[in-house]
Amino acid sequence: MRHSLECIQANQIFPRKQLIREDENLQVPFLELHGESTEYVGRAEDAIIALSNYRLHIKFKESLVNVPLQLIESVECRDIFQLHLTCKDCKVIRCQFPTFEQCQDWLKRLNNAIRPPGKIEDLFSFAYHAWCMEVYASEKEQHGDLCRPGEHVTSRFKNEVERMGFDMNNAWRISNINEKYKLCGSYPQELIVPAWITDKELESVAGFRSWKRIPAVIYRHQSNGAVIARCGQPEVSWWGWRNADDEHLVQSVAKACASDSQSSVGKVSTRNSCRGFPNAGDLSDVEFDASLSNASGTESLALQPQKLLILDARSYAAAVANRAKGGGCECPEYYPNCEVVFMGMANIHSIRRSFQSLRLLCTQMPDPGNWLSALESTKWLHHLSVLLKSALLVVHAVDRDQRPVLVHCSDGWDRTPQIVALAKLLLDPYYRTVEGFQVLVEMEWLDFGHKFADRCGHGENSDDLNERCPVFLQWLDCVHQLQRQFPCSFEFNEAFLVKLVQHTYSCLFGTFLCNNAKERGEKQTQERTCSVWSLLRAGNKAFKNLLYSSQSEAVLYPVCHVRNLMLWSAVYLPCPSPSTPTDDSCAPYPAPGTSPDEPPLSRLPKTRSFDNLTTTCDNMVPLASRRSSDPSLNEKWQEHGRSLELSSFAGSGEEVPAIDSLRRPSRLLGGAELSVAAGVAEGQMENILQEATKEESGVEEPTHREHTEVPEVKEEAPLAKESRTAAQGSGVLYQEPQLDDATLRSHLGPSLSSFSQGIPEHREVGHSVLSSSLPASLRGEDSQEVPVEQPQVENIAEDRENVVPAVPVDVKIGLGTSESSPLLPSQVPFETRGPHMNNSVHMLLEDKVKSESGPQLHHRPCLASSGRFSGKDMLPIAPEPRSAERPQWDSVLHRTSSPGNTLSLMMQAPCALPLDKCRQRIVCNGALETENKASEQPAGFDTLQKYPTPNGHCANGETGRSKDSLSHQLSATSYSSAHSCSRNLHHKWLNSHSGRPSTTNSPEQPSRSHLDDDGMPVYTDTIQQRLRQIESGHQQEVETLKKQVQELKSRLESQYLTSSLRFNGDFGDEVTSIPDSESNLDQNCLSRCSTEIFSEASWEQVDKQDTEMTRWLPDHLAAHCYACDSAFWLASRKHHCRNCGNVFCSSCCNQKVPVPSQQLFEPSRVCKSCYSSLHPTSSSIDLELDKPIAATSN
């Protein structure tokens, strides 16, 4: 009851503070998280600075700084007007102010904000969780489990004991002596010890070990039974104390290992027994009986176990010096059959000084002359090398020598977890998975009491700077070194580790609060805060390493020399990331067969929006290099799955919609969607798609007949070249540059059938084009069931030289002045567009076909139908809708040439509706889905819709896929994004559910696109982005082949039905009824919506929906949104559509409309698709248009 009260009264427990603006015109330059409230907004010198209860945000002209308050270690004023902020992750931030008084004001504010909390509830993680729960409390479902880690974390101890195969009958047992932490407050409640060691002996051992941290087993090698144990140092002191129970326990660990390995059936052969236990001889199972549960039974064993390795992380001098403080080390004389090794690792004070030296070095000038020598003098890489060598020594002992190992340092909570966690990571592939790594951190760092609060400085009144040390960061750096040496052995990527570094200090999540599990239990952090694993979950593709192979090395043996280690630049080195979106750029990959140093001819180089494209091209300025602040290449792929629609084309007097300053994906000619992120040249995407196609598809290499003309194009004069570029652009602008040939060919099928029926003299040609565009394996060349006739491709190709000059050359497209203007498709190099980019040829050829095919339509084709060009009408007459109002991929005109140089003319059945009746989505069964009107969107969505989600859908919930059966589906398959965790999803959810108005538009808003769900900068990895592109290309090829197979099957069925109708004399009636249906203005007319006019399944499906009530999909079966495919988690809730019964996220199911078919006559929640079909058609007047770009002539 108390917890529910906390959720309801979150705004009273954690109230928002009053916003203080230094300038009334200033706005908060970021989207706030749940429970976050901005307290101050002001102006620095050439920057906007904002301070909330979670972060400090400084937006400069060319970059921005976004850092959680708890990540800031100190703030000081330098040079009177400059604030100097030192961060705990090695970053240093400098901010200049115009006046001394203003600098002092912000110095006081920041010092008050970063001060260690007086009570733990002052940390932001508690307010964040409470406000999250308050938002969720308004819903009927329970969402508390989404803040929690997975079952693999909560049940980690039991699962690990079973997974590692401990013999709990004879060798080991689980002791509950530390239940409720009554023995040791920094140890877990359950401990694995030898089976014959009693709890009384453990209590005696606890009195002899530092902080009562007794030897406890934490890992077992599944093959040979050798274990790793950890503990604190023995309290020998100057008096040389000893403890018989402690000596017995240490020796019993080695004996239990031998017992465990021998008692496993077939675990150790005679040969392996002799190798593992050289003094044991041939041992039989008779020597092991069930009486091992008491000490007397073990004494009777005639077993000689392996020699136990005691690894002391300290140097021998430090261990002896600790005897003056009551500590010490094991004396070999008192511990027979044990070997003591000292590793000489530095203590926390030396590590802290080394890290401070590294931080000072990394904040110097970008290219110091003595960089390498200065880096060596910090000894940071040297400390990493020693740590790796220590872990590798444990791996050698356990894996190769089959010896048990006992690890300790002084207290056992700093260097000890570093060594044992790194050793387990090297030994066991499970810990190199996302789930296994979470378990590893929970068990070795959290359960065994690493003092995160003291080491990170966010504990209650933790003002002692001598207790602070980046111990966990140092260990993560070692994991990063392993990732570099073994790139295929880790399921998670570098972004995963970077996020973990940030949230070790950020206090957004409660995972790393307090010093041990006992304190976390007392503060109820698990119930009152969110877990960091809810963000770094296994299903989040943003943190997945695409190079990972589960069949990689079982045990890793890294090279530990300093010369083989590298500085972790993503964490330590300052970088301009994330900068403002206008700085985004990415150097294109060189085209196959070209030198990367020489730009290809006739190729417009990548430039900034303020550059002169023509001048830059003529001067051959080198291509801009990619900066870390530039947008992800994956964003191109994220937009690949979005809906695509073609507008009707008429006169050239209309203006072209522009790209606004907030970088929304704009719509250019013909409804083609172009990403406004000026980061990737279209030619680069073509190269990527072509490479993926060549690698994955079995299609033969295309003939290069049409490319023989390319040298002539390259030889043209500059004026002719410019004219050619403009001419090509006029016919290409409506085409999405990301689409490759395979994707466009996937839309062959019913559309061509419908078109060919209207043109009898070209019916055979169109049918053969389809067949020739399919792979040989799908055409079934050995089969004679579908006889086709190859078209005369040569004649069509020969006409190209005569057709291209006919395109008007005076048509130019103005780029406007927006900083975020992308490269237009007309600037794509001629030779890199691929066969399907030369649409001016296809356009004119279609006109030629039209002129030969009989009478023309009297009505203008609608947006969803085939948009045709005339010889004089090159620009669209109608402006395009906003990105938030894009229709699906249904009923799209595709023009392409197949890889075999076969020209494919693909046309949808034309729509006879007037233009104002055609702004609708067409689904396969004939239902028309209208566009959402801007006036019907909830408050706050005007801003949110400007940020596309990784799945290619806008934040307001516009879906980009249709989930109908494949045989009746025209829309292209939407592929899952590499970033399933949508950016700023927390913030969108807050604005859409809590009713809090979003911040107004301001020049500061573009910086939001660089902030992730957690309010932190987005980390991008170009290698992983390239791998995601290849993976998407592969998936695209697979889906294309599946679609082609299905469409071929549907075509065969249609052909069979056609022949049957001809035989019965009914075919003529079907054909003659087509013009009537095209002229029919009824929205339920099916013949213009479905390309399978003879399909009976679609009619059966409609009848079934009319007669049956919709059954809801159970909650537990839905892990992803049915529309945008985003995973359900902390910031994405489940909602049922009352019409179709599927489960959607809140953005995709936020409309309400009566559903009479389900007996719901009051407005009920429905998805976007159902809302469009149930709501009256929106007029084109309601569609808000983007800022137009004037079409000017140069």
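FYI, residue positions are counted from 1 along the chain as it appears here.
Using the three backbone atoms N, Cα and C, a Cβ is placed for every residue, glycine included.
Values in this document were obtained by computation on a predicted structure and should not be read as measured data.
Over in Swiss-Prot, the protein carries these features:
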ACT_SITE  Cys409  active site, phosphocysteine intermediate
BINDING   Cys1137, Cys1140, Cys1167, Cys1170  Zn(2+) 2 binding site
COILED    1025-1058  coiled coil
COMPBIAS  693-724  compositional bias 'Basic and acidic residues'
COMPBIAS  991-1006  compositional bias 'Polar residues'
DOMAIN    151-572  domain 'Myotubularin phosphatase'
MOD_RES   Ser4  phosphoserine
MOD_RES   Ser609  phosphoserine
MOD_RES   Ser629  phosphoserine
MOD_RES   Ser643  phosphoserine
MOD_RES   Ser647  phosphoserine
MOD_RES   Thr725  phosphothreonine
MOD_RES   Ser904  phosphoserine
MOD_RES   Ser1060  phosphoserine
ZN_FING   1115-1175  zinc finger
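If you take the C-beta of Cys1170 (Zn(2+) 2 binding site) and look for same-chain residues 6 or more apart in sequence within under 8 angstroms, you find Cys1137, Asn1139, Cys1140, Val1153, Val1155. Apart from the site residues Cys1137, Cys1140, Cys1167, Cys1170, the chain places the Cβ of Arg1138, Asn1139, Gly1141, Asn1142, Phe1144, Cys1149, Val1166, Lys1168, Ser1169, Tyr1171 no farther than 8 Å from the centroid of the site's Cβ atoms, the recorded Zn(2+) 2 location.
Separation of the C-alpha atoms of Cys1167 (Zn(2+) 2 binding site) and Ser1060 (phosphoserine): 40 Å, rounded to the nearest whole number.
Long-range C-beta contacts of Cys409 (active site, phosphocysteine intermediate), restricted to its own chain and to partners at least six residues apart, with a cutoff below 8 Å, comprise Gln233, Asp312, Ala313, Arg314, Met345, Arg415, Thr416. Of the listed binding-site residues, namely Cys1137, Cys1140, Cys1167, the sparsest Cβ surroundings within 10 Å are found at Cys1140. Each residue in the zinc finger (1115-1175) gets a DSSP state, and the totals come to 13 helix, 20 strand, 28 coil. Around Ser1060 (phosphoserine), taking its Cβ as the centre, 12 other Cβ atoms fall within 10 Å, counting all chains. Regional average pLDDT for the zinc finger (1115-1175) in the model is 85. DSSP assigns Ser1060 (phosphoserine) to a helical segment in the three-state reduction.
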